[in-house]
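Chemist: Next up is a structure, given as C-alpha cells.
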Amino acid sequence: MDLLRSNLSRVRIPEPTNRVYKQECCLSFDTPISDGGLFIDMFTFLAFGKDYVGWNFEKTGNPVYLHVKKTKKLVPEDRPSKKPTLLAIGVDGGFDNNDAEYEETHNIVILPDYVSLSFPSVELPEKVRLAADAILRDAGAERKEQVSAWTADRKLESVYAVNLQQIDNSVVIPPSGWKCSQCDKTDNLWLNLTDGVILCGRKNWDGSGGNNHAVEHYKKTGYPLAVKLGTITADLEAADVFSYPEDENVLDPLLAQHLAFFGIDFSSLQKTEMTTAEKELDQNTNFEWNRIQESGQEVEPIFGPGFTGLVNLGNSCYLAATMQAVFSSRSFSSRYYINQNLKKAFEAAPADPTVDLNMQLTKLAHGLLSGKYSVPQVENDENKNVATTPTSTVQEGIPPRMFKALVAASHPEFSSMRQQDALEFFLHFLDQVERANAGKTELDPARSFKFGVEDRILCSSGKVAYNRRHDYILSLNIPLHEATNKEELELFHKLKAEKLSEGKEVSGDEIVRPRVPLEACLASFSSPEEIHDFYSTALQAKTTAVKSAGLTSFPDYLVLHMRKFVMEEGWVPKKLDVYVDVPDIIDISHMRSKGHQPGEELLPDGVPTKDDSETPLANEDIVSQLNSMGFHLIHCQKAAINTSNAGVEEAMNWLLSHMDDPDIDAPISKGRGSESVDQSKVDTLISFGFQDDVARKALKASGGDIEKATDWIFSNPDASVSNMDATASNTTSGTNDGDLPDGGGKYRLMGIVSHIGTSTHCGHYVAHILKDGRWVIFNDNKVGASINPPKDMGYLYFFERLNS
C-alpha cells in the first residue's frame, strides 16, 4: 500500500474527454478474456496484454495498472434471441448476438514487480478508487466508436415539413388496395404529401423496385415529400418519409396532420411493407450463400501462421478480404512482420500508439501472420466450469478495430459501418501507407504495387503527345462481344424469350453467362480509342484524337480490377453477370509502352486562342448525363475536363476518385495553364520557398492537395513547368518512374477478392489466396482449404511477378 501511495502522481481520474481503452491491447489482440487479462495504464488509459505491459513501463515509467480478467460463464443453450429492428449494435432494438457472459475480476497492479492489490477495497487510496471506478464505468473508446458508427445515420427532420403546402384535390386515400396512378405496381408505393398522388418508387439496379414514377412526379411538380405506403403505423417516426430535394430519408414531425389531410387515420394502419432499414437488415441477416463462398462444400478448416481470420465488425468484409490479399504479399509481410518486431515499433511510436499507422500495421501483421490467434473457437463444456473444448471448424479470428478506426479516420465513408467498395478501400489504404513512409522509399511496401502508365495521343494533324501517370491498379473493361460461348448464349436467350412468353421463369440451372477471356480484357485496355473535342496545339482547334495506353513499368504485384459495374440504357448502373476466364499465369510483356519513337513529331507547346483559353470546355453530353445521375454540375464539368472529354465512364471514374479533393467545389480556373490550381495554394507553396511554376505543377500532379504537392516536389527535384501541359511536347507529365519497381511481364495469380451482390456498397466480399501451393478461402473469420476457387468470378485479381 505504501508503494501505491508513493506512485499516486502516476494515477489520473479520467475526464469525459479522455479515451479509455479497456477492450483490447494497443499492441496485440489480447483482451480481458486472454490468459493474462488486460492491464490498463491508470495514467494514459491505454491497455496492454501481459506480454506487453512491461514494455509500456520501460517506455513511460508508469507503474500503476488496473488489471481486468474475464472468465466465461456457462450460458443456457435455449436462451432466446431477439429479432433486431435497428441496424445497430449495443443499443435498444439492435443486434443481440447471444454474447457469452463473463465473470470479471479486478486488481490494482504495480510494476515492475507486479505487486497486486484487490479491487474494490476501502483500504485503497481514494484517488485510486475513483480512477478505477471511472475506468470501469466508461464504455471504452473502442465501444464508443463502434456504437457511434452504427447509429451515425439517424434521420433528421426535413426542412420542408413544417411549412408544407397541401393541395385540396378532394383526394381520400383508402386504407388498402393501393396502386400506382401511372402503372400497375401495387407495392413500393409512395404517397406525395402535397397533392395526394400515389406513385411507384425508384427502379433498383437489378431491375426490381418501381418504375421511377414518384421521382419523375417530383421533377415535374417540385412537391418535396412522400411517404411510403405500408410503413405507416402508430410509431410515425418509423415510417419511411423521403425528401426529394434533400435526397434523404427524413423525419416529418407533422406526419399525422399531413396524413389526416387525405383522410388517413394512421392509428388504424398495420405495417405491411418493410422499411428501407429493415430491407437492409434482411439482406444482412439472410445472406445468400453461393459458389464464391463455396457453400455446401466440406471445407477443411486451416489454423496456424498465415491462416488467421478477421472478425467482421459489421459490414467490414471489404476490409478483411483486401487485407488478407495485401498481407499475403512479401512486401507487406516483410515490412511489418518479418523485419519489424512489435517492441521496436512501439518504441518508435508516439505516446498514443493507437494513432500511429506503422504501429497498427505492425500489430495487424503480427496478428494475421504469427498464428497466435489462429486457433479453434472454444465451446462450453457441460462437465467443466470453463470453456475449453475447441470446435472443429471455426476460429475466433482477430477484430481489426484499431486499424479500421485509424486508417478510416480521414474518410467519412470508411469510418461508417456501411458496406464499401473494396477497390476504393485498397486505393485509400495504399495512399495512407505511402504517406506514412514519405521520404523512406526503400521502406514503402505500397511501392511494390505501383506502376507507370503512358497514354499516347495521336492528333489528326499526325503529331503526338505523351502523358504519364502512376497507378496502383489496372482497371479493365469486360468486352462482352469477345465472349467465347456465343452459340450457347444465343440458345439461352431464345429459351428465355420462349419461357417469358409463356409466363414462366428461367431456372438457375438453365442460365448461361458470357465467358470472356482475360486476354480480351487486357487487349481492350491497350486498344486505341477516340477522344472527341481534343484541343490540338498544332491545329489551334478542337479535333478528334486517338488515344492508346501502355505500361512504363511492371510492378512486383499487379492488381487487376474488373469493371463489372456499367451503365445500361437510361444510365442506370448495372452489374455484369459474366465469367472472366483468368489463367494462373499471364504475360503482359506486350503491354509495355514504347515511348517517343524516331520519326514521330510531338505536339508543340502552345497556348489556345483567346476564344478557347477563357475557360476549359466540358462536353455538354457528358456533363448532362452525369448531372442527371445526381452529381453536382461543377463536379461533372471538372470530371469531363480532367478526362479530356473521353466519355461518361471515364468522367465518372475520375469523379468518384476525386470527391474528397479539397478543391472539388472551387470554381473552374480560367486559362488552360491554370486548370485546377487554387492561387491561394500556390501562394502557400511559394511561402515555403518553392518557385511559382514548380508550385503550380505540383498542385496539378496532386489534385490540389498541398501536402501531396509538397511530397511531389521533394520527390521531383528536377521538376519544370513545361512537362505538365497535357498537350506539351515533353513525354512526361510530372511522374518519375525511376523509383518504381520493374522487371519481366510474367505473373502468377496469387489472390482473388470476389464480390457478391448487386452493388459494391452492399453484399459481401470474400478472399481466396494461394498459400503454400494450395488455395485458401478467407471468409471473414472462417479460413479453410478451398475446393473450387472462383477464378472466373473475381472483382480484384492479385498477381505476383515471376522472377526470370
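Including glycine, each Cβ sits where the backbone N, Cα and C put it.
Taken from TrEMBL, the feature active site, nucleophile covers Cys317. If you look up TrEMBL, you'll see His764 marked as active site, proton acceptor. Per TrEMBL, the feature Zn(2+) binding site maps to Cys180, Cys183, Cys200, His213. According to TrEMBL, the domain 'UBP-type' annotation covers 156-266. Annotation comment: TrEMBL describes 308-802 as domain 'USP'. Sequence annotations record features per position, and here TrEMBL assigns domain 'UBA' to 617-658, 676-716.
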Chemist: Relative to the mean position of the Cβ atoms of Cys180, Cys183, Cys200, His213, the recorded Zn(2+) site, which additional same-chain residues have Cβ within 8 Å?
Modeler: Ser181, Gln182, Asp184, Lys185, Leu189, Leu199, Gly210, Asn211, Ala214
Chemist: So which recorded positions out of Cys183, Cys200, His213, His764 end up within 10 angstroms of the residue listed as 'active site, nucleophile', measuring C-alpha to C-alpha?
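Modeler: For the residue listed as 'active site, nucleophile', the recorded positions whose Cα atoms are within 10 Å come to His764.
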Chemist: Using DSSP, how many residues in the domain 'UBA' (617-658) fall into helix, strand and coil?
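Modeler: For the domain 'UBA' (617-658), the helix, strand and coil counts are 29 helix, 0 strand, 13 coil.
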Chemist: Around the C-beta of Cys200 (Zn(2+) binding site), how many further C-beta atoms are within 10 angstroms, looking at every protein chain?
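Modeler: If we count other Cβ atoms within 10 Å of Cys200 (Zn(2+) binding site), we arrive at 25.
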Chemist: Take the C-alpha atoms of His764 (active site, proton acceptor) and Cys180 (Zn(2+) binding site) and report the distance between them in angstrom, rounded.
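Modeler: About 33 Å separate the Cα atoms of these two residues.
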Chemist: Starting from the Cβ of Cys183 (Zn(2+) binding site), draw a 10 Å sphere and report how many other Cβ atoms land inside it.
Modeler: 13
Chemist: With an 8 Å cut-off on Cβ-Cβ distance and a minimum sequence separation of at least 6, pull the same-chain contacts of Cys180 (Zn(2+) binding site), or say none.
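Modeler: Correct list: Thr186, Leu189, Ile198, Leu199, Cys200, Gly210, Asn211, His213.
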Chemist: Across all protein chains in the structure, which of the recorded positions His213, His764 has the highest Cβ count within 10 Å?
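Modeler: The most densely surrounded of these recorded positions is His764.
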Chemist: What does the DSSP secondary structure composition of the domain 'UBP-type' (156-266) look like, as residue counts for helix, strand and coil?
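Modeler: Split into helix, strand and coil, the domain 'UBP-type' (156-266) gives 19 helix, 22 strand, 70 coil.
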Chemist: As a test of reading the model: what is the averaged pLDDT for the domain 'UBA' (617-658)?
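Modeler: Its mean pLDDT is 81.
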Chemist: Around Cys317 (active site, nucleophile), how many other CB atoms lie within 10 A of its CB?
Modeler: 25
